[in-house]
């Protein structure tokens, strides 16, 4: 299939990593505001995406994908991240992967296959890091996406236990036609508390460049903008991906350095209000964000946020009640205006149909006489 999307330039970029529950729309928008070039969504599993219905939300201006009778939100995006949002896909099946990609293709800049998540849920289902040791299936999924989705496809892996195994896997991945490769410089069994092995990536980058000129993105222990040059120098990677640094402080992408907690937390919550983010997700992200020292979880502010039961309570803690109420009223007014305009359009349409029906009936009567 010929791509219906413009190619993405993955080179010389600082990008937001895919992080479960963290990489929802408000975090992505804030990362972009602070200087991120591209943003990955949280991992979305193929079956969760398939069957979702695309809807325009007139209150917030977002495009929402919802599913089932409960209309549970699957994915949300907006114009501010158009051309910059990469959906990370969790899958173990080439056909389901393609169906999921086609469901959201008009609203994402690219699809990234998750081949690095070591969590039990992913691995047990043959997804994530399980694909590292199932190269035949990995290749099948990537080729199906590349050949038939019409969307730029990339892939995110972890290091395998040996360099030889990793290089063999990378050689295969590059031949599938992916547009970029991200390497998390830890093995499947390593955790974030262990130092990322940047030193192994330089040889891998050389191997990639010997086959194709696609960009390689380094992930692991890049916490803020000031870490970027060092990471690129050691790994020879084209671009960097920031994960935990952006989770703790989304201003990690700022060239001018990190902002204090009271600034970025209010900026984050403002985004949540603007797009009507779910309370559970908003609260979770707030509790994940760090203050300036390691004692923040024992602070009164943290305890108050933890006890909050709904959005008004949470916004009140951070002094955003007035902004929340004002925005809520504006969203309600936009929704009413949208519904009213639609009602007028539908009414006009019905009137025209009735007129056409009357004309047809009249013409038929004349013909009979």
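Positions of Cβ are set from backbone N, Cα and C atoms, glycine also.
The compositional bias 'Basic and acidic residues' annotation in TrEMBL covers 342-352, 359-369. For 16-261, the entry in TrEMBL reads domain 'DUS-like FMN-binding'. Here TrEMBL flags 342-369 as region 'Disordered'.
The average pLDDT computed for the domain 'DUS-like FMN-binding' (16-261) is 96. Here the compositional bias 'Basic and acidic residues' (342-352) has, by DSSP, the following mix of helix, strand and coil residues: 11 helix, 0 strand, 0 coil.
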